[in-house]
Amino acid sequence: RVKRGWVWNQFFVVEEYTGTEPLYVGKIHSDSDEGDGSIKYTISGEGAGTIFLIDEITGDIHATERLDREQKTFYTLRAQARDRQTDQLLEPESEFIIKVQDINDSEPRFLEGPYIGSVAELSPIGTSVMQVMASDADDPTYGSSARVVYSVLEGEQHFTVDSKTGVIRTAVADLDRETQDRYEVVIRATDMAGQLGGLSGSTTVTIVVTDVNDNPPRFPQKMYQFSIVETAPVGTAIGRVKAEDSDVGENTDMTYQVKDEEGVEMFKVTTDSNTQEAVITVQKPLDYESKKVHTVVVEALNKFVDPRFVDLGTFRDQTIVRVSVLDVDEPPEPAVLYSSTSGADGEGGLGTSSCSPFPLLPGHRYAIDRSTDSERIFDIDAKTGAIVTGKVLDRETAGWHNITVLAMEADNHSQVSRASLRIRILDVNDNPPELATPYEAAVCEDAKPGQLIQTISVVDRDEPQSGHHFYFTLAPEATNNHHFSLLDIQDNTAAVHTQRVGFNRQEQDVYLLPILVVDSGPPALSSTGTLTIRVCGCDSNGAIQSCNSTAYVVSATLSPGALIALLVCVLILVVLVLLILTLKRHHKNHLTSEDDEDMRDNVIKYNDEGGGEQDTEAYDMSALRSLYDFSEIKGGDGGGGPGDGGPGRNPASELHALPQWVQSPDLDFSVFRDYICRKVEQADEDLSVPPYDSFQTYAFEGSDSPVPSLSSINTWSSSSEQDFSYLRGWGPRFRQLAALY
């Protein structure tokens with residue numbers, strides 16, 4: 001068989017070569033090159049003539065510039081072998097690749113910094129804080145240049161990091177926010193799997209210690225003293241006290257209450273939601289003549305108690321408030337039944353008692369000026385002055401009502417006095433929280449776990465005195481969700497993160513994530529909102545390019561024009577296939593007819609390589625076996641020898657006269673054996689020959705040759721002189737064989 005024209009190995013060049021001489025890459029070689037310099041080698045393509053130079057005579061390729069694999073991993077070039085005199089191509093132009101071989105020249109880098117994580121104080125050892133990831137630009141498929149391990153450079157007393165995953169965890173169980181509320185931890189990433197000589201990079205991770213309710217409220221003083229005049233109206237503030245709490249946020253929210261019976265009757269304690277102070281107000285009229293000093297026991301307790309820390313002690317504290325009543329020179333006053341500053345009992349139903357701000361005066365009647373209450377929301381008892389609701393109240397519709405109350409003598413309605421009354425409607429929790437907007441988010445197909453994709457917030461029409469506090473969690477129908485996670489940030493917002501590696505919008509392009517939002521009550525109300533998450537295609541910087549799945553999926557409905565175009569293309573392909581098959585069959589028949597005309601041209605040539613020494617089925621032997629019908633030739637010669645003149649001579653008579661030969665027992669094959677052995681030795685010693693060629697041995701010899709032999713040895717011809725002039729017509733490929741003859 002004929003060897004292939006081009007001979008070369010795989011080409012590699014090491015990156016970041018710093019030598020002064022050009023770096024040898026490899027050699028291209030044609031098997032037709034006899035070493036006489038008649039062939040000129042050239043290359044073209046990426047870097048040809050600039051980065052890569054070739055010796056026109058030897059085919060040696062050298063790199064003249066310093067290469068960087070992180071910028072370009074391989075170069076595609078084309079090789080040409082031309083006749084130096086005529087500049088004609090001697091071999092078909094062939095493409096080859098020079099790969100840039102990686103070295104460890106890129107250190108790991110943390111591309112997603114700065115990193116900020118959080119962990120609750122008093123968390124157990126091993127609690128996961130966050131994950132950091134470093135990227136190495138070296139080749140991950142070659143050696144350990146891109147194999148990264150993580151370690152803690154600073155902060156190892158409190159935190160550890162998983163060497164393989166980069167997950168940061170707590171190393172101690174006594175993190176106390178009140179002692180230190182944040183830590184700066186330095187994480188180092190080292191390539192070469194941490195071996196000596198590896199490159200490293202580091203990043204600083206800020207870990208915020210979040211608060212838990214582990215500190216009870218405490219009054220700075222055990223006793224407070226206030227004074228107030230006896231004529232102070234009901235609702236007058238006497239003073240403020242405050243218990244201190246080392247916690248922050250909602251963990252400092254408190255409620256205050258009066259614990260002794262006398263104090264409950266005379267005074268009222270409310271909590272200022274802004275300052276968390278206890279406001280002590282007068283609940284019943286004071287009388288200096290009856291009692292000059294009142295002692296009130298005020299208790300402070302946390303509104304939200306964490307059951308995990310109840311063993312730390314009681315989360316409440318008490319203090320004593322002494323109220324001194326000051327005497328005032330006052331005129332006699334009619335007795336006051338009761339009154340209220342706001343006149344509101346909260347959002348309520350029909351007939352709810354609101355207030356009785358007016359004294360019970362004999363011979364007087366009360367009424368509401370209907371021009372100030374045209375909707376008759378309130379009614380008043382004409383005798384007692386007690387005001388009650390006439391319709392259902394809704395604070396979200398109207399939080400305040402201003403009415404005018406008329407007081408007149410029972411027997412003389414012309415004697416009228418007016419009083420303006422402002423009624424504040426106290427809030428009750430009757431509106432569930434809702435998502436602030438119909439949120440829609442987008443996630444990239446190549447998103448990584450833990451990536452933030454949306455921060456959500458809620459709105460609530462209610463206004464609790466202690467302020468809003470909402471709790472976020474995934475709805476029960478989303479419990480089997482493995483794609484996204486929801487993190488309650490504890491500031492009335494929540495963050496949605498990815499929980500898996502990568503998404504495929506061909507499989508699913510939209511995810512609906514139900515989120516349950518609960519307020520702090522009482523009673524606690526909840527609602528479920530849906531976050532729509534679309535899977536989008538993004539560029540390398542994470543910028544969204546397209547969120548339309550139809551860019552990758554063929555539409556199920558095609559227009560008539562598109563269907564016609566598709567059918568035409570299919571028809572053209574079928575016609576081309578049939579035409580190729582017909583031409584191949586015609587070409588085969590034509591070759592067969594030419595073979596019959598001249599047996600000397602029947603040279604079977606295989607240009608493809610075998611699969612090794614064990615491959616005995618790489619070639620179809622039937623082509624060699626079926627060139628001639630041995631049985632017909634034997635049958636035609638009637639058992640005669642080659643010298644007979646029977647019909648068996650017809651096939652041979654159609655051939656040009658050639659010397660014929662029959663095997664003789666005393667023939668010497670040493671000439672052929674030496675020639676073959678010499679060629680084998682040359683192939684073994686030639687280091688430029690790739691180790692992929694195989695030598696096929698075919699043991700089939702067949703019967704007697706039906707065509708004349710090419711050999712002149714022991715010819716049947718009686719003539720002792722042979723004419724070998726025709727051997728010059730065999731051409732250069734058979735020159736060696738002709739020389740043997």
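Yeah, the Cβs are placed from backbone N, Cα and C, and that goes for glycine too.
The domain 'Cadherin' annotation in TrEMBL covers 30-110, 111-219, 220-336, 365-435, 435-552. As annotated by TrEMBL, transmembrane segment applies to 562-583. Residues annotated as region 'Disordered' in TrEMBL: 635-654. As annotated by TrEMBL, compositional bias 'Gly residues' applies to 636-648.
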Confidence summary (mean pLDDT) of the domain 'Cadherin' (365-435): 86
Number of helical, extended and coil residues in the domain 'Cadherin' (365-435), per DSSP: 0 helix, 31 strand, 40 coil
DSSP-derived helix, strand and coil totals, residue by residue, for the domain 'Cadherin' (30-110): 0 helix, 36 strand, 45 coil
